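Colleague: What Swiss-Prot shows for this protein is this:
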DOMAIN    9-41  domain 'LisH'
COILED    61-88  coiled coil
REPEAT    114-155  repeat 'WD 1'
REPEAT    157-197  repeat 'WD 2'
REPEAT    201-240  repeat 'WD 3'
REPEAT    243-282  repeat 'WD 4'
REPEAT    288-349  repeat 'WD 5'
REPEAT    351-390  repeat 'WD 6'
REPEAT    395-440  repeat 'WD 7'
REPEAT    442-459  repeat 'WD 8'
Amino acid sequence: MSRLLTIRQAEELHKSIIAYLSANNLSNAASALRGELGLSEEVFDTGTMVKYETLLEKKWTSIVRLQKKIMDLEARCGALQTELNNATPTSLSKRNQDPASWLPKVPARYSLESHRNTINCLAFHPKFSSIASGSDDCMIKIWDWELGELETTLKGHTRAVLDVDYGNTQSGVLLASCSSDLSIKIWNPLEDYKNIRTLLGHEHSVSAVRFIPGRNLLTSASRDKDLRIWDVTTGFCVKTIQGHSGWVRDVCPSFDGNYLFSAGDDVTARLWDITNISNPEAKLTMVGHDHVIECCAVAPQTSYQYLAPMAGLKKEALSKMSAVEFTATGSRDKTIKVWDRRGSCLMTLVGHDNWVRAIVFHPGGKYLLSASDDKSIRCWDLSQDGKCVKTLSDAHGRFVTCLRWAPSVVKEVAPSAESANGQTDTNDLLKSKDNQPQVQIRCVVASGGVDQKLNIFAN
């Protein structure tokens, strides 16, 4: 018995080897090994064979992929060390640009291709350098955005994949996807993205899916006009929310998990209080767009300082504001609207020449980014009444369908943490008081489009 493996690991290795030999028509070798190990046919039945026949190949390819990653990371570390050794004050000042003011620029760092049809949706892993993309080709692809490489392809949906989202749950980080096939699927990254659950209940295409922060719940929006809330562990629908009179295109939970913000074909955006899941309450309906609302977003609290004055609120009241004080919507009327909690439109952003398909707030709070069928990505400065300060005119060769910003990294803070020179390092961290966790902005934006490309914009 190998001293490197436990008894269980050794047994799994033996079964994997036997299954691999059998699957490759080497039955004599498999039979001989089974005899040497004393495994009877009753112990190694058909079910065991199916379970283990691809395990050896998966382990092998995983090791090769990890070895390549290690080599690439070692090369990058070497390059960074060389850059650090040759650094000058001027080069350091350029590199240490405040992440709160960083905006994407062309050309993209990577333009990744593998999908065979329109890319509809994207989602960043909250911790690792993975990004998921979903497409009209019915597939989900997992990429390494740092290396610009395809990691794996997930098959399971039978029609277009319309949305994907990563979320922290009681079972760890999971990936959710939804499709025109009426289903929602849950995938476990720690099990080679095994499909661990399929949620059924919607009666038409499921257009959006999002994990609800801190609640082990998932929310979905559908063409059947309903919102649904699901228990991630059991896969059961715990509540159906009705109120929209048309296709619900998008839904976004608040950062505290107590509200949902939805929008769709009925040209309205709606705010729901889900503090009590068994009795959700419709709080507000926003009316003002002239066409279908394609997308919606909840503003982070870092945006409040820029939006509060427009709402007639004093900055002293920032700490008392709710998790849904400000929201935004993007529409086929080519405009973006920013709303306050009273349902008043604070500003209308005009500039796109076609449908607005996706919006995302900058984690630093100062900017709002949008993607459109006019092939562009625009950056709007909320501190300048929504002025468009940057346009990536040809971000894609055709319609831009989706846009995501990599989630910030949360780091625990040691008391009185200081840099080497005795000063607290505020270079790329938004630090909070009382030794609360630090939030480090990741300067990475991804977009997808009808041109079947996934573009990565990174600092």
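Glycine is no exception: its Cβ is also placed from the backbone N, Cα and C atoms.
Just tell me what is around each of these and how deep it sits.
Modeller: Here the domain 'LisH' (9-41) has Cβ contacts under 8 Å with residues 1-2, 48-49, 51-57, 59 of the same chain, all six or more residues outside its ends.
The average pLDDT computed over the coiled coil (61-88) stands at 76.
Remote same-chain partners of the repeat 'WD 1' (114-155), defined as residues 6 or more beyond its termini with a Cβ less than 8 Å from a stretch Cβ, comprise 65, 69, 72, 161-168, 173, 175, 177, 179, 187, 189, 192-193, 195, 401-407, 409, 444, 446-450, 452-454, 456, 458.
For the repeat 'WD 4' (243-282), same-chain residues at least 6 beyond its ends with a Cβ under 8 Å from one of its own Cβ atoms are 204, 207-208, 210-215, 217, 219-223, 225-227, 229, 289-298, 300-301, 322-324, 327, 329, 331, 339, 341.
Here the repeat 'WD 6' (351-390) has Cβ contacts under 8 Å with residues 98-105, 294-297, 299-307, 310, 328-332, 334-336, 338, 396-405, 407-408, 430, 439, 441, 445, 447, 449 of the same chain, all six or more residues outside its ends.
Long-range contacts of the repeat 'WD 8' (442-459) within its own chain (CB-CB distance under 8 A, at least 6 residues past either end) are made by residues 97, 99, 102, 104-106, 108-113, 115-122, 124, 131, 133, 135, 143, 145, 148, 358, 360, 369, 371, 375, 377, 395-409.
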Colleague: Count the residues of the domain 'LisH' (9-41) that DSSP assigns to helix (H, G, I), to strand (E, B) and to coil, and report the three numbers in that order.
Modeller: 26 helix, 0 strand, 7 coil
